[in-house]
Amino acid sequence: IQDICYLCLPSPPPLRCCPWSRCCGMGDFRPRTVWLGHPEKREQRYPRNVINNQKYNFFTFLPGVLFNQFKYFFNLYFLLLACSQFVEELRLGALYTYWVPLGLVLIITIMREAIEEIRCYLRDKEVNSQIYSKLSTRGTVKVKSSGIQVGDLIIVEKNQRVPADMIFLRTSERNGSCFLRTDQLDGETDWKLRLPVACTQRLPTAGDLLQIRSYVYAEEPNIDIHNFIGTFTREDGDPPVNESLSIENTLWASTVIASGTVVGVVIYTGKELRSVMNTSNPRHKVGLFDLEVNCLTKILFGALVVVSLVMVALQHFAGRWYLQIFRFLLLFSHIVPISLRVNLDMGKMVFSWMIKKDSKIPGTVVRASTIPEQLGRISYLLTDKTGTLTQNEMVFRRLHLGTVAYGMDSMDEVQSHVFSAYTQPTHDLPASRAPAATKVRKTISSRVHEAVKAIALVHNVTPVYESNGVTDQAEAEQHYEDTCRVYQASSPDEVSLVQWTESVGLTLVGRDQSSMQLRTPTGQILNFTILQIFPFTYESKRMGIIVRDESTGEITFYMKGADVVMSGIVQYNDWLEEECGNMAREGLRVLVVSKKSLTEEQYQDFEARYVQAKLSVHDRSLKVATVIESLEMEMELLCLTGVEDQLQTDVRPTLEILRNAGIKVWMLTGDKLETATCTAKNAHLITRNQDIHIFRPVTTRGEAHLELNAFRRKHDCALVISGDSLEVCLKYYEYEFMELACQCPAVVCCRCTPTQKAQIVRLLQERTGKLTCAVGDGGNDVSMIQEADCGVGVEGKEGKQASLAADFSVTQFKHLGRLLMVHGRNSYKRSAALSQFVIHRSLCISTMQAVFSSVFYFASVPLYQGFLIIGYSTIYTMFPVFSLVLDKDVKSEVAMLYPELYKDLLKGRPLSFKTFLIWVLISIYQGSIIMYGALLLFESEFVHIVAISFTSLILTELLMVALTIQTWHWLMIVAELLSLASYVASLVFLHEFIDIYFITTVSFLWKVTVITLVSCLPLYILKYLRRRFSPPNYSKLTS
């Protein structure tokens, strides 16, 4: 049954042990001790540093491709049919009539697989053959990427790919750090700062790395690209040196060095690389349309068996009836068309090409050319918020100090406060003589200054200086040239905050791993030493930094983060929660900024405990977090910052088009509830007159039950729910929750994790049986995109990871409207017409064969033999039938103007059992008319039956194509005329089957004309009457 379900499907990637998988006999992954520059000292066997993405090798290619083709029932069925012709008792005609069509399909498949394998081999070879420099006792030697081993000291130049997972030992950069481009690893376009091991960076030359006795202890290989635990030990030091290693000291393979030249020691190769372990084969998506076509072909196969049994039964099972059954199965094998799969696959390639070439959606890429028709039947669209509906271009909008707030129109006040803080000495006026107003003003001024200074210091932004054609890089860096400065960070929020501090007078001009420089409005440079930095993580939702002011010696701990975590860290206040809510309702992303002054003793105590925690190998992250949390108490709340992420162009009209098309839109975001709700309103995902039910936070089964009952009583309202509450509901009341959510016009899920996004997609598919489309732009959307029936990636600020993992890639969200309304709709309707016409073509000739056999005492004798049977489905009718992929019922402008037309497709009417039955009846009618007409009108010779019936059949097919076409294209006319000309020209060579003198007579012409008219004219009349009295929706718009 399972085989029959997948009949005629293109074969998915083979399930196999890839060269990198753990099951291939390489054993479990283990931690390792790696001696610098001494790969021979390895304590275990490590895999070769070879990238291999091929499915087959030279010996397994042909057997593998053939196995993947014939493991499905129907491909095997056609093979058995062709092989049966070697048995004399079963032979019905020339061998090529069965082997040529099958061979053609196989050759196309083998060529396609071969081209993919060759491309894959060349890509792998290019990567494996890249040349790198290796430090050895003989000096610097050249080595191929595939020859690199664990323990090798590898030199990587600027803009060169890192060939293996390495620990960063040395850099040529003066600031003692380097930048890394990681977009090919994690999809993020921002550069990452990496730090070398302090002990090795201090060595005079790179060659000294081979003179010291040192090793790296590295954890076992795993898939986590954001964390690493290890230690560096130098044994010949006095005393021996121990340093903890973290993610900041790593250079993962597939990243690119963006600054300077680096030296690293290789710790993982081959299948143990982080990039390889994170590469998984996404699920092979099979379109709903393909499954429906498979279902129809199963019915056709059942009909083939039934017709064969009936024919033998009418012979009263005489003689060797079992052989007769096989002969009839062969005779009527055209009932199941072998060309159906080829036509549909070629059609999909044309649809994909049309999408790529559409000038109105430039930059659109089709990565899964097997499912374009899925775009025409989407019921649920699940979209990310940041970078997908919004631009992911942050603009600073609000600074809130509790008692006073500054918006865009009052930033000049902030600027004047900052200016006065650096130009007016605080000891000009004695406090006792100063008026009250001055005291208040100075208090606010100092608070503003403290807030701006904190925002300018607590971040991971690095200013990078580039040559602008006038000033070179070194000079720009030396003089802090504003025109040459570019800010690099892992988040656009961070950059927008630093750009804002620059606009109000406090500019970040320099940064390295241990210091930071700020320039005041007066041009003075403030130097800060970075003592510790605690980067932002999705778990902690905050980042911190400890700095020492070089001019005063003060040590300050600054921290910023989300209000949910910061509210428990800062000192008690009565305005934080309220103002965070107010700003979030305006659609702003809110960060809470705080500080804590530390004495030298407090810091030294903290540092000792922190270093000890970082050196531990077991539970390091837990111990480090505990030490940091000891500082995060009773911090002084400085300010709130509000940053706005603006909507992408034409998001509102696009969402309105989708809503009118009957598509329900769900927004799944990691952002907070108020911001997500505000964006949903702003984008008109939730219309202004729609009620909103905000699902209260629930943690227990009882709370979830009560809240679901409250939600059940509301009708036609949008749902807003957080990820935590969603998890509780899905745990206890999955069916009830999904049933209620599916009835909502719009759903907003906030604080969603990537796995939750994928889970929602999966539940929608299981509970509704409808098609889903997921749209996202970041690495956190990949799981959702791969889980959905159609995944659409938006190329955005967060990199290309989502667009590379998606089935379709667009440059803007607004292109989604045309992709679905025009291309999705056309692809589905054209595929339906094409598949039904190919089936009609096969059923016509099979009906004629059945009539012929019935008239001649149920003999298993073929009506058409040799070239006629091959030519019928190729040269004579292929081009007109395939030209249906160019047909369209309405213009693209009309399809965009009336998205309601899309709604008709959601019921699957273009290809249903009803339309299939209609085409079966048409085929039986036309086949019977042609065959009986030829039998009634034929002259004395049998060869005249073949001439009349075959010519009428060809003309009927050409006229039926013309009857089906809605909008004529010049290529359709060419295809019709070319096919007719091909048939007329080939009559000269078909004297074996057709009497060349008979077809030139008037008798032949009038008989063919009468039979063709009787087979086609009633259908033309019925089509006219239907369009006259019961026109479809689209015809009302085109009339």
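Placed from the backbone N, Cα and C atoms, the Cβ positions cover glycine too.
What TrEMBL says about this one:
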TRANSMEM  58-80  transmembrane segment
TRANSMEM  92-111  transmembrane segment
DOMAIN    138-272  domain 'P-type ATPase A'
TRANSMEM  291-315  transmembrane segment
TRANSMEM  321-344  transmembrane segment
ACT_SITE  Asp384  active site, 4-aspartylphosphate intermediate
BINDING   Asp384, Lys385, Thr386, Glu494, Phe536, Lys560, Arg589, Thr669, Gly670, Asp671, Arg751, Lys757, Asn780, Asp781  ATP binding site
BINDING   Asp384, Thr386, Asp777, Asp781  Mg(2+) binding site
TRANSMEM  838-858  transmembrane segment
TRANSMEM  864-886  transmembrane segment
TRANSMEM  916-936  transmembrane segment
TRANSMEM  942-963  transmembrane segment
TRANSMEM  970-990  transmembrane segment
TRANSMEM  996-1022  transmembrane segment
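Each residue of the domain 'P-type ATPase A' (138-272) gets a DSSP state, and the totals for helix, strand and coil are 22 helix, 52 strand, 61 coil.
Between the binding-site residues Arg589, Arg751, Arg589 has the most other Cβ atoms inside 10 Å of its own Cβ, all protein chains included. Shown are the binding-site residues Thr386, Asn780; the one with the most C-beta atoms within 10 angstroms of its own C-beta is Thr386. The two recorded residues, Asp384 (active site, 4-aspartylphosphate intermediate) and Asp781 (Mg(2+) binding site), have Cα atoms 7 Å apart.
Asp781 (Mg(2+) binding site) is 20 Å away from Phe536 (ATP binding site) when you measure Cα to Cα. For the transmembrane segment (838-858), the list of distant contacts is 296, 300, 307, 311-312, 314-315, 328, 331-332, 334-337, 339-340, 343, 864, 869, 872-873, 877, 881, 916, 919-920, 922-924, 926-928, 930-932, 935, 949, 953, 956-957, 960: same-chain residues at least six beyond its ends, Cβ to Cβ under 8 Å.
With a cut-off of 8 Å on Cβ pairs spaced 6 or more residues apart, the transmembrane segment (942-963) and the transmembrane segment (864-886) reach 3 or more such pairs and are scored as touching.
Outside the transmembrane segment (321-344), and at least 6 residues removed from its termini, the chain residues within Cβ reach (under 8 Å) are 8-10, 74, 77-78, 81, 84-85, 89-90, 92, 98, 101-102, 104-105, 108, 290, 293, 297, 300-301, 303-305, 307-309, 311-312, 315, 831, 834-835, 838-839, 841-843, 845-846, 849-850, 853, 860, 862, 869, 873-874, 878, 881-882.
Sequence-distant neighbours of Asp781 (Mg(2+) binding site) (same chain, 6+ residues apart, CB-CB distance under 8 A): Asp384, Thr388, Pro754, Lys757, Ala774, Val775, Gly793, Ala802. With respect to their backbone Cα atoms, Arg589 (ATP binding site) and Asp777 (Mg(2+) binding site) stand 18 Å from each other. In the structure as shown, the Cβ atom of Asp777 (Mg(2+) binding site) sits within 10 Å of 32 other Cβ atoms. Across all of the domain 'P-type ATPase A' (138-272), the predicted model scores a mean pLDDT of 88.
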